[in-house]
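Copied over from Swiss-Prot, here are the features:
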BINDING   CYS66, CYS157, CYS288  [4Fe-4S] cluster binding site
BINDING   HIS96, HIS185, SER317, SER318, ASN319, SER379  dimethylallyl diphosphate binding site
BINDING   HIS96, HIS185, THR250, SER317, SER318, ASN319, SER379  (2E)-4-hydroxy-3-methylbut-2-enyl diphosphate binding site
BINDING   HIS96, HIS185, SER317, SER318, ASN319, SER379  isopentenyl diphosphate binding site
ACT_SITE  GLU187  active site, proton donor
Amino acid sequence: MDTKAFKRSLQQSENYHRKGFGQEDEAMGVMNSEYQSSLIQEIRNNNYRLTQGDVTIRLAEAFGFCWGVERAVAMSYETRQHFPNQRIWLTNEVIHNPSVNQRLRDMKVEFIPVIEDQKDFSVVERDDVVILPAFGASVTEMQLLNDKGCTIVDTTCPWVAKVWNSVEKHKKRNYTSIIHGKYKHEETVATSSFAGTYLVVLNMEQAKYVCNYILNGGDKQEFLAKFKKAYSEGFDPDTDLERVGIANQTTMLKSETEEIGKLFEHTMLKKYGPLDLNNHFMSFNTICDATQERQDAMLDLVKEKLDLMVVIGGFNSSNTTHLQEISIHHGIVSYHIDSAARIDLNNHIEHKPLGKDLEVKENWLPDGKIVVGVTSGASTPDIVVEQVLQKIFAIKSAVAMV
């Protein structure tokens, strides 16, 4: 289908809203009172460091709520204010942060139920309001909601929409979209729905496999089995990898996205030569500024002399996971938690090691003076970071008094 024409038609509908309802200041005031932190602002003003007792905190210089997340949450608050008596639904978590999503539930914003891995949109009625989250929604979902005639509030991050425009350009020129991302992630599901032919690659290892296939061929059935559920219907690696364009899930590791883009460019250059490269490869510029800033800040932070790192964000948050990867790659003991509730005052922490299930670590804060690096994902409010720091200070203070 012509997804570009559908988007244009949807945006002209009187039931579609993507710019709020004129109550932005009120919504932001409520948000600021709930999510901002005077302590975190104090640390920012003090060159991103604070020493209290035996603990020195080193904050990353870019962390926490990004503009797209702040916008999505503010629009959700504003929607509740503007429609105080109507039933409001979210098609997914508005962002990947448990406390923010719980706050919306407390405001009687409901989530579309999921039955056997499928969303049940039958619960939505014409008079209802449906919020599309920061990650966006698939074309199919938007069509369904538009057909129902309900009110649609679109909080999709503009950076995500920029990626949609890129894959639509690929489709228009008959290029296959190579999407660096997680094929099940809400954002990638939405992005792939705007693409024509596409293939989702998770990492450099998968990208190298694809590029080797482009140059040398291989077992098609093995290829299709390896990327099961990660390609468009009818995808054929023997014919659909002759012309490719690169796109990405905006929260992926910036350096890896760039490396994957260069790998595909070099692969097509090797196969088709410099004079014909532009007929087989489309370059890209879809790396989110906020993701890049947070990853760059983390790369600066790991250069400090740290005893350990605390990474705060939802366990299903892709951008938070990549911050954790950077810390581990640089040999720093790192703990990924989603809230201060994961820390108890007996010096235990329940955390999620990279690629593993939750586990509990006892005596995670060492004795004596320590320097703790701290960062948080783009969906984590400052107040959550403060709550984590207060737990750390309390544990070390109690130990010092023994």
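Start at 1 and count along the chain as shown; that gives each residue its number.
Glycine is treated like the rest: Cβ placed from N, Cα and C.
Feature map: annotations from Swiss-Prot on the structure.
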residue: CYS66; record: [4Fe-4S] cluster binding site; contacts (Cβ under 8 Å, 6+ apart): CYS288, ALA290, THR291, ARG294, ALA378
residue: HIS96; record: dimethylallyl diphosphate binding site; contacts (Cβ under 8 Å, 6+ apart): GLY313, GLY314, ASN316, SER317, SER318, THR320, GLY377, SER379
residue: CYS157; record: [4Fe-4S] cluster binding site; contacts (Cβ under 8 Å, 6+ apart): GLY68, VAL69, ARG71, ALA72, ALA134, PHE135, GLY136, THR250, CYS288
residue: GLU187; record: active site, proton donor; contacts (Cβ under 8 Å, 6+ apart): PHE135, GLY136, VAL160, GLY181, GLN249, THR250, THR251
residue: ASN319; record: dimethylallyl diphosphate binding site; contacts (Cβ under 8 Å, 6+ apart): THR251, THR291, ARG294, GLY313, GLY377, ALA378, SER379
In three-state DSSP terms, SER317 (dimethylallyl diphosphate binding site) is classed as coil
Taking every pair from HIS96, HIS185, THR250, SER317, SER318, ASN319, SER379, which the record gives as binding (2E)-4-hydroxy-3-methylbut-2-enyl diphosphate, the longest CA to CA distance in angstrom is 15
Taking the Cβ of SER318 (dimethylallyl diphosphate binding site) as the centre, count every other Cβ atom within 10 Å, in any protein chain shown. 24
Reduced DSSP state (H/G/I helix, E/B strand, rest coil) at GLU187 (active site, proton donor) is helix
For the recorded (2E)-4-hydroxy-3-methylbut-2-enyl diphosphate site, enumerate neighbouring residues of the same chain (Cβ within 8 Å of the Cβ centroid of HIS96, HIS185, THR250, SER317, SER318, ASN319, SER379, site residues themselves excluded), in sequence order. ILE95, PHE135, GLU187, THR251, GLY314, ASN316, THR320, THR321, GLY377, ALA378
By a 10 Å Cβ neighbour count, the lowest-scoring of the binding-site residues THR250, SER317, SER379 is SER317
Report the member of HIS185, CYS288 (the binding-site residues) whose C-beta atom has the most other C-beta atoms within 10 angstroms. CYS288
